[in-house]
């Protein structure tokens with residue numbers, strides 16, 4: 001069934017509409033009490049500017065300069081009208097909000113003590129009432145209690161003050177504003193009004209915007225306006241030397257005559273570009289303003305730097321890396337990244353962004369640079385033109401470090417001078433008589449300049465290590481040999497003294513010495529290699545980490561996440577571990593297990609509740625224990641929601657950490673769908689199926705010899721750590737009997753699939769409202785409980801990530817690549833919008849009844865290119881056209897064009913309502929048909945075609961034993977080793 005035109009129009013407005021800026025909180029007026037914290041936020045498509053009684057009582061948010069105003073202690077002086085204007089688009093206009101700060105002790109807020117106008121103008125006396133309830137009792141008096149002149153025409157505006165129409169010279173005076181508060185008169189201080197006689201001058205002009213860029217075919221507007229106290233003036237708009245014939249609009253505002261010529265272009269072309277001039281003239285003179293209008297073929301994003309991309313500084317110096325970006329449309333995401341090679345002891349990167357019209361300045365601050373901070377620094381930015389980047393290479397300069405050693409070589413004495421530093425130091429040898437600590441060329445008996453020392457090491461961004469040899473034959477009595485080194489950073493030297501022949505040395509027997517040294521060096525080399533191998537294996541071993549991330553703040557694509565270890569833990573969650581009676585192990589993985597348990601007295605003193613308990617292995621490392629504690633803190637921070645697996649309690653004292661969560665009796669959604677698939681053979685819902693598709697679902701159970709543990713809620717029956725592996729037939733049978741006894745035997749309806757989809761979307765909308773990014777949205781991570789309620793969870797403890805084909809090795813992480821958005825795969829960017837992409841894959845899983853996404857496609861470079869080029873899977877068999885449209889919108893390559901979870905909820909609920917009404921509870925068909933061999937991704941339905949199958953073993957992978965037993969992935973950050 002199709003979405004009606006009104007619904008489509010609504011979505012187009014939500015996703016792509018542009019208009020005036022929006023001020024939050026909404027409403028034309030806001031009334032607060034003194035001392036309250038007030039925050040005004042302006043939401044717009046571009047740069048904004050605030051106008052009103054701002055300084056010094058307000059602060060601008062440094063993380064979003066210009067868009068957010070905050071005052072921590074509101075006073076009557078904050079009363080006034082605040083206007084937010086978008087700088088880059090005059091068509092968008094502006095939005096205002098008026099703030100009242102009710103202060104019984106101060107009924108008036110004066111914005112000025114003196115007002116000067118020209119005769120005939122409107123004179124505004126800016127005494128603002130602080131309480132809107134007092135505006136009915138206001139009055140205006142002259143100083144000394146005298147009445148206002150009878151011929152003076154004035155009125156009161158709560159937003160502006162008292163306004164005198166067409167002020168005359170005789171109106172010059174000091175005025176006071178009065179009102180009644182609780183029966184008493186409250187008077188403002190005086191405002192001096194000075195009315196000057198008119199002096200003719202050229203018109204004042206304004207040309208907006210000051211600069212304009214549009215893509216060919218877009219709309220644009222250029223506004224040329226002029227004002228003057230006299231009506232006799234003219235205004236024209238020119239492009240180059242050509243006068244444009246544009247209608248003239250006239251108005252009279254604030255005692256000034258205003259004339260406007262507005263050029264509106266519905267679809268700009270290259271001939272519309274050029275220099276535009278706004279010219280206004282009268283008998284007194286002429287004023288002119290100009291602006292540049294640029295029309296481009298497509299969106300652009302250019303990154304440049306006035307600095308060299310190859311930077312060299314000394315250790316301990318500070319450096320600012322600056323990049324300028326010229327972009328249209330606005331940049332949506334950006335981030336600075338350190339690309340190595342030294343990843344140990346890295347500080348958090350500090351940077352700021354300065355915005356102007358169509359231009360950005362990104363600055364990265366490197367303060368007191370350490371040796372480990374040398375390397376590549378990468379700025380990545382994105383707008384509708386795509387991604388662009390700029391890379392700086394920072395090399396540190398080191399002064400020379402020198403070491404002199406002696407060693408016999410072939411019976412001859414040789415001195416070795418080992419030097420490290422950058423730039424490569426020069427080496428000079430000197431021989432001086434006697435035992436001395438200093439020697440220069442004047443004192444030296446001999447001087448050798450080694451112009452070609454041996455380079456031992458020359459790694460990028462590191463010191464150069466060289467060695468110079470001085471063969472001297474036989475060491476001379478009472479001589480000192482100096483090795484002096486120098487580079488642009490500094491110099492260093494070391495000496496070697498030769499003593500008398502009788503004392504000099506007892507040279508070891510070279511025939512014995514050399515083999516011993518070689519043997520020792522060989523053993524040491526083997527030990528070092530073994531140590532490096534063990535270290536590499538340890539680094540490659542995945543660690544249990546917290547998957548969910550809470551955003552603290554963001555600017556562009558620069559996210560600051562809350563450190564979960566710093567979140568407070570509320571002791572109200574503490575539950576006596578003695579009140580837990582453990583049952584069978586529900587699932588186990590590399591890091592821990594999930595155990596069924598009965599909790600006595602949880603919530604109520606006499607309550608008995610079945611729960612699921614997460615715990616670590618006894619061999620868990622300290623960082624894994626910290627990760628589980630962080631997960632506990634995040635769950636408590638998020639709060640409760642019907643569609644997430646909620647925290648019920650925890651045991652953190654007197655033993656290992658235990659996290660108590662809700663128990664979900666039907667297991668994970670993926671296996672639930674696969675179990676139900678045998679009864680859903682759907683000729684009425686799945687047109688065009690062929691006979692081959694029958695096998696797609698008949699083989700799903702594979703004689704029930706494999707049991708999935710990835711949800712953490714399947715039955716094993718013994719309280720041991722169980723890896724994800726095939727189990728015996730008897731064990732499998734008991735599992736299906738136990739869980740399927742609780743499952744309703746009726747076949748699924750289309751409404752059920754819509755119900756699951758809507759509930760997951762509601763859970764994701766809740767997480768998004770809490771600034772939480774999930775990063776592994778998939779059917780295997782959704783559990784079902786009583787009433788077929790779907791809950792989103794985090795089950796990393798019950799996963800053997802090393803053996804799950806759904807997770808692909810990328811760098812030092814295992815990633816669910818087929819569920820990931822392109823920006824996450826290619827650029828390590830994770831946002832709520834990337835969760836929306838993953839949700840689209842989950843929808844495909846639901847409406848294909850548990851098939852693996854991208855069937856028949858291996859995860860390799862060809863897969864990455866397909867995703868990057870916009871390839872989309874075909875419409876699943878059981879998905880109505882409108883549901884497939886939602887999937888496609890979730891898979892938009894431009895993240896900002898993807899729907900929000902709130903919009904997805906609305907669409908799914910509307911579809912479910914229509915399904916209830918039109919299908920009259922029609923079940924999915926239960927006999928006779930087949931699902932179609934291409935049900936999960938055959939022909940791509942019009943715009944794209946299915947790629948050629950690369951591996952038969954990958955086709956319909958849900959039918960393979962290894963896939964049925966696949967475990968879930970350890971919760972990690974899912975970031976590449978960038």
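Every residue gets a Cβ built from N, Cα and C, even glycine.
As recorded in Swiss-Prot:
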type: DOMAIN; residues: 24-104; note: domain 'Ig-like C2-type 1'
type: DISULFID; residues: 42-84; note: disulfide bond
type: DISULFID; residues: 127-177; note: disulfide bond
type: DISULFID; residues: 224-278; note: disulfide bond
type: DOMAIN; residues: 299-397; note: domain 'Ig-like C2-type 4'
type: DOMAIN; residues: 398-503; note: domain 'Ig-like C2-type 5'
type: DISULFID; residues: 417-483; note: disulfide bond
type: REGION; residues: 540-572; note: region 'Regulatory juxtamembrane domain'
type: BINDING; residues: 586, 587, 588, 589, 590, 591, 592, 593, 594, 614; note: ATP binding site
type: MOD_RES; residues: 711; note: phosphoserine
type: REGION; residues: 794-816; note: region 'Activation loop'
type: REGION; residues: 921-957; note: region 'Disordered'
type: COMPBIAS; residues: 929-941; note: compositional bias 'Gly residues'
In the domain 'Ig-like C2-type 1' (24-104), how many residues does DSSP assign to helix, to strand and to coil?
6 helix, 36 strand, 39 coil
State the Cα to Cα distance, in Å, between residue 417 (disulfide bond) and residue 592 (ATP binding site), rounded to an integer.
55
Would you mind splitting the domain 'Ig-like C2-type 5' (398-503) into helix, strand and coil residue counts from DSSP?
3 helix, 67 strand, 36 coil
If you measure residue 84 (disulfide bond) to residue 594 (ATP binding site) at Cα, how many Å is it?
53
List the Cα distance (Å, whole number) between residue 594 (ATP binding site) and residue 42 (disulfide bond).
46
What's the CA-CA gap between residue 592 (ATP binding site) and residue 42 (disulfide bond) in angstrom, rounded?
47
Just counting, how many other CB atoms are there within 10 A of the CB of residue 127 (disulfide bond)?
27
For residue 586 (ATP binding site), which of the disulfide-bonded residues 42, 127, 224, 278, 483 has the nearest Cα in space?
42
Could you round the CA separation between residue 177 (disulfide bond) and residue 42 (disulfide bond) to a whole angstrom and send it over?
32
Sort the recorded positions 42, 127, 483, 588 by C-alpha distance from residue 278 (disulfide bond) and give me just the closest.
42
